[in-house]
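Here TrEMBL flags 91-119, 120-148, 149-177, 178-206, 207-235 as domain 'C2H2-type'.
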Amino acid sequence: MSASPLPPVRLPPFHSLTNQLPLTLPPMQPSTRLPSVQSLYSEVHRSRSYHPTGNNHDALISHIRNFAPQPPAIRDSTELVAQPGDVSRPHACKMCLSTFRRRDNLMAHIRAQHKGERPFECSVCGYRFIKKDHAVKHLRVVHLKERPHVCTHCNSRFGQRSDLNKHVRSVHLRIKPFACEHCGIKFSHRGNQIRHQQVVHEKRKPFACAVCHASFAEKSNLVKHCQAVHRTSLPPTSPTSSRRH
């Protein structure tokens, strides 16, 4: 059954976005940490050096993403090749044959998966990212709690458009395209379907306590176990089986 088209997404006016998003960012080298939350928050209220015309949210995001240069391109044996039969994903990795629509996505894949490079670090939590714009988005959504995407049905706000689309499909349109292959129960998100199959039907318990090796189906249960039994915060886990993505 084909899915119904999604309703249009209403974004807040551009002038309100300029009060939320930093308009300029200090230049940074690939190996440096991201600006702190304090400095980034200051830029939100202090900087007004960039003024795109009209309600063009995409132009603002493009400006922020391109403000600092990306790490230099990797030039080795992993040159780009066209994948026959798939003109929509012409960039292929010669190491694992993964294909991509854009060259920069291929280069990011090579840096992360084959070279282990994640040059951009969050100055708050230390989490590292492949691309600068991913790190900046993380800083805004996770630490600055920005929610620029608004649901037209219930006014719920989200940090990313993809999360808004998932919300509309599952809550308002009630689209559940992912069915359990064992019992037929349907889910809005593939991750929930996979977790249901692993926990309910396959009886998997992938989260293991590193102290006593007790295993649990959900990470939250492991956290409760560690706090109640061992009186500690969550120790390093020893997954008994890897989860599929």
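Just so you know, glycine gets a Cβ as well, placed from its N, Cα and C.
Curation plays no part in TrEMBL annotations; they are all automatic predictions.
Remark: secondary structure over the domain 'C2H2-type' (120-148) totals 12 helix, 4 strand, 13 coil, with classes taken from DSSP.
Each residue in the domain 'C2H2-type' (91-119) gets a DSSP state, and the totals come to 12 helix, 4 strand, 13 coil. Averaged across the domain 'C2H2-type' (207-235), the predicted model reaches a pLDDT of 84.
Across the domain 'C2H2-type' (149-177), DSSP classifies residues as 12 helix, 4 strand, 13 coil.
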